[in-house]
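Chemist: From TrEMBL, here are the annotated features:
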| type | residues | note |
| --- | --- | --- |
| TRANSMEM | A:12-35 | transmembrane segment |
| TRANSMEM | A:47-65 | transmembrane segment |
| TRANSMEM | A:95-113 | transmembrane segment |
| TRANSMEM | A:119-138 | transmembrane segment |
| TRANSMEM | A:143-163 | transmembrane segment |
| TRANSMEM | A:169-190 | transmembrane segment |
| TRANSMEM | A:197-215 | transmembrane segment |
| TRANSMEM | A:261-281 | transmembrane segment |
| TRANSMEM | A:316-339 | transmembrane segment |
| TRANSMEM | A:351-378 | transmembrane segment |
| TRANSMEM | A:385-403 | transmembrane segment |
Amino acid sequence: MSATAGINYKKSVIDALVAGFMALIVFGPIVGVVLDGYSFNAEFGKVAWMVAVVVIGRFAISCFFQTEKGIAMAFRHANNDEGVAVRLPDHKSKLLWVVPLVIAIGLLVPFIASKYVLTVIILGLIYVLLGLGLNIVVGLAGLLDLGFVGFYAIGAYGLALGYENLGLGFWSMLPIAALIAAMAGAILGFPVLRMHGDYLAIVTLGFGEIIRLILTNWTSLTHGPNGISAPLPTFFGLEFKRRSRDGETFHEFFNIPYDSAYKYMFIYLVLFAVVWAVLFIKHRLVKMPIGRAWEALREDEIACRSLGLNHVLVKLSAFMIGASTAGLAGVFFATYQGFVNPSSFTFFESALILAIVVLGGMGSTLGVVIAAFCLTVLPELLREFAEYRVLMFGILMVVMMIWKPRGIVRVTRTGFAARKGVVK
Amino acid sequence: MSLEHILKVENLVMHFGGIKALNDVTFNIKRGSVSALIGPNGAGKTTVFNCLTGFYKATGGDITLSAQNKETSVIKVLGEPFQATDFLSPFAFFRRLKYKMFGGSHLVNRAGLSRTFQNIRLFKEMSVVENLLVAQHMRANRSMLAGVLNTKSYQKSEEEALDRVFYWLGVVDLVDSANRLAGELSYGQQRRLEIARAMCTNPEIICLDEPAAGLNPSETEALTKMIRVLRDEHNTTVLLIEHDMGMVMDISDYIVVLDHGEVIAKGGPEDIRSNPKVIAAYLGAEEGEEVTL
Ligand SMILES: Nc1ncnc2c1ncn2[C@@H]1O[C@H](COP(=O)(O)OP(=O)(O)OP(=O)(O)O)[C@@H](O)[C@H]1O
Ligand SMILES: [Mg+2]
């Protein structure tokens with residue numbers, strides 16, 4: 001295989017024309033036909049532009065892959081072993097340097113970023129939490145959960161309802177909501193975790209919808225679709241409002257002018273700390289007996305049972321820990337929005353969180369963090385293309401599944417140094 | 001608690017709908033012996049194993065495991081249906097409810113019986129060491145808090161687990177492959193790893209389902225030696241299913257022959273070799289073919 005054969009332009013032209021035809025079919029109806037009342041306007045110009053971009057792009061790619069460089073690149077990717085790798089026993093993770101750097105930058109962010117950027121990053125971090133939680137359930141324990149948003153809703157409504165009915169604030173609800181979500185996970189999990197794969201997916205899908213329907217219809221408690229307001233966190237009892245009914249506010253205490261960005265800064269810092277705590281716990285969990293049991297269960301449930309592991313309890317623990325993480329994320333979501341209503345907890349959210357886990361690479365922590373930011377922050381930053389968001393989302397998924405079907409980050413396993421074995 | 005017999009199988013019956021896989025199977029396994037379960041394909045050998053280890057709920061009969069200084073009824077720990085008398089005695093009721101909710105085949109393993117599978121079941125995307133660590137789950141320090149905080153007692157328990165892992169890797173000659181994925185190993189290595197994994201649960205009796213299938217003669221010989229090590233150095237009783245008659249006759253103290261779900265012969269290798277029923281069963285399977293036992 002040498003590049004001296006030159007570029008076969010005929011092949012490239014055919015490739016480009018085929019791609020252009022596909023683009024015409026896809027973009028034609030979506031972009032070319034714009035509804036206008038009961039009639040529609042045909043926008044041929046826009047379609048022509050898009051198709052032209054696709055044709056030229058495809059032609060360029062086709063030519064590139066026939067050059068020496070392109071062949072080498074294609075070869076490298078074809079050879080790239082995407083599977084799991086075991087690290088050497090004396091492996092030193094590069095993350096050891098990266099982590100302090102990221103923490104330092106992360107701590108600086110609220111003081112440099114604008115209020116808008118900060119809110120986007122908070123949203124990204126909330127999805128990191130959700131992704132980490134679902135990663136335990138789907139990525140490690142191999143339980144396909146399509147109703148994860150249910151636990152997220154429980155956390156968010158936990159804060160709002162706890163404040164309204166019991167007068168509990170952010171700080172007391174943070175652990176309580178995690179516990180309630182974990183309990184909900186246990187109650188849902190115990191009867192259904194004996195099921196496998198598809199059945200479990202359907203039951204959890206139903207669970208997510210049930211939670212949303214309860215929130216919508218139990219109007220006496222949840223105010224239905226109108227939603228309820230959620231409290232802001234307090235800084236040692238100081239509130240982040242302009243005026244406080246009882247007690248002092250943050251800006252009055254420190255004698256600084258009021259700025260609504262303070263509350264986001266504070267939420268960000270707390271969330272940042274919680275995300276790191278969850279990352280640390282998750283990092284420990286995968287190395288602990290319980291984490292190994294989760295993964296073993298994903299690999300082979302029957303073998304697990306033959307080794308004395310109670311498969312129901314192992315699954316339940318994964319389900320509960322995943323749910324409690326979602327509960328935490330829910331509390332942050334509620335306090336950040338200041339308001340919750342059932343429309344934030346639709347199936348689309350569950351699908352988004354699942355996409356984060358799948359794109360990041362099942363079981364890979366770093367991958368999930370990157371994917372969470374990509375899938376939540378990028379759409380926010382590309383607001384101009386808001387109409388095409390779901391389309392781009394779909395394209396991204398397809399591209400990823402072709403390019404890296406096992407996720408962005410390759411899953412690695414700890415290596416152990418050989419030693420002299422002793423028994424008892 | 002029977003000292004002589006570690007395992008007693010009485011009148012075991014297993015039906016799958018209309019298929020009678022096992023009809024009235026009865027045998028006892030002596031503590032510290034190497035016993036074999038043989039029979040033509042489809043005789044029901046694997047089904048007996050699945051009943052013993054609790055993967056199938058037997059249709060009828062009794063299985064009693066006398067290990068760890070207590071008697072365990074395999075049928076009971078799987079969770080039996082409620083009976084009218086249970087509603088009169090709260091104690092019996094709660095015990096039955098407990099087994100119904102939390103019972104299952106894992107309790108059989110915890111009672112001291114472990115097994116391997118005819119079609120190897122390793123955790124393929126985990127490393128060899130991790131496979132053996134998972135097997136020690138019940139002995140590990142499972143406290144979440146201790147693990148997250150990495151306390152002394154947790155570290156000690158993990159170190160001990162790793163010591164045992166490398167001990168067993170040494171026994172099955174896999175130390176060089178410790179950091180490979182289990183799924184990458186060769187067939188023979190996977191078979192040995194599965195035996196090591198079963199031994200890591202610290203069983204008193206180990207059931208091996210066709211451990212020599214797919215091994216070459218020298219590997220089979222190494223396996224025979226290893227099985228002797230299990231019995232002699234670890235006081236483990238071995239029950240194995242095997243089609244390799246040379247190996248079976250070589251290592252077994254006691255042989256049970258199954259055919260069409262029934263025990264057609266039991267006894268030492270010499271008795272079985274000359275038993276006309278056994279010869280007929282093997283001959284009957286493929287007519288005219290010469291069979292030497
Ligand atoms: N889960 C099941 N459902 C229905 N029938 C089954 C099931 N398991 C086993 N059987 C039937 O029970 C009979 C015995 O099967 P078993 O697997 O125990 O044979 P075996 O003696 O292990 O054979 P081999 O030497 O080929 O492994 C077969 O007829 C099989 O079809
Ligand atoms: Mg079999």
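Just so you know, the numbers here start at 1 and follow the chain as drawn.
For all residues, glycine too, the Cβ spot is worked out from N, Cα and C.
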Chemist: What stretch in A:95-113, A:143-163, A:197-215, A:261-281 has the biggest tally of Cβ pairs under 8 Å against the transmembrane segment (A:169-190)?
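Modeler: Of the candidates A:95-113, A:143-163, A:197-215, A:261-281, A:143-163 scores highest.
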Chemist: Mind checking which residues of the chain, 6+ beyond the ends of the transmembrane segment (A:12-35), have their Cβ under 8 Å from one of its Cβ atoms?
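Modeler: Counting only partners 6 or more residues beyond its ends, the transmembrane segment (A:12-35) has Cβ contacts under 8 Å with 41-44, 46-47, 50-52, 54-59, 62-63, 66, 391.
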Chemist: So which of A:47-65, A:95-113, A:119-138, A:261-281, A:351-378 is most in touch with the transmembrane segment (A:316-339), counting Cβ pairs under 8 Å?
Modeler: A:119-138
Chemist: Hey, which of A:47-65, A:197-215, A:261-281, A:351-378 has the most Cβ-Cβ pairs under 8 Å against the transmembrane segment (A:119-138)?
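Modeler: Checked against A:47-65, A:197-215, A:261-281, A:351-378; highest Cβ contact count belongs to A:351-378.
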Chemist: Please give the sequence-distant neighbours of the transmembrane segment (A:47-65): residues at least 6 beyond its ends with Cβ less than 8 Å from one of its Cβ atoms.
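Modeler: Beyond its ends, the transmembrane segment (A:47-65) has Cβ neighbours at 7, 9, 11-13, 15-20, 22-24, 27-28, 31-32, 71, 73-74.
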Chemist: Given a Cβ distance threshold of under 8 angstroms, which distant residues of the chain, six or more beyond its ends, lie next to the transmembrane segment (A:197-215)?
Modeler: 143-150, 153-154, 157, 188, 222, 224, 342, 345-347, 350
Chemist: Looking only at residues six or more beyond either end of the transmembrane segment (A:261-281), which have a C-beta under 8 A from one in the stretch?
Modeler: 103, 106-107, 109-111, 115, 118-119, 121-122, 125-126, 128-129, 132, 232-233, 235, 240, 250-251, 325, 328, 332, 335-336, 365, 369
Chemist: Other than its close neighbours in sequence, what residues sit by the transmembrane segment (A:95-113), given a CB gap under 8 Å and a spacing of at least six beyond its ends?
Modeler: 121, 264-265, 268-269, 272, 276, 366
Chemist: If we skip the immediate neighbours and take only residues 6+ beyond the ends of the transmembrane segment (A:143-163), which ones have a Cβ under 8 Å from one of its Cβ atoms?
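Modeler: Same-chain residues near the transmembrane segment (A:143-163) but 6 or more away: 130, 133-134, 137, 169-170, 172-173, 176-178, 180-181, 184-185, 188, 193, 197-198, 200-212, 215, 221-222, 228-231, 315, 318-319, 322-324, 326-331, 333-335, 340, 342, 344-347, 349-351, 353-354.
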Chemist: Restricting to the same chain and to residues at least six past its boundaries, which positions have a Cβ under 8 Å from a Cβ of the transmembrane segment (A:351-378)?
Modeler: 95, 120-121, 123-124, 127-128, 130-132, 134-135, 138-140, 146, 148-149, 279, 282-283, 286, 295, 393, 396-397, 400, 406-411
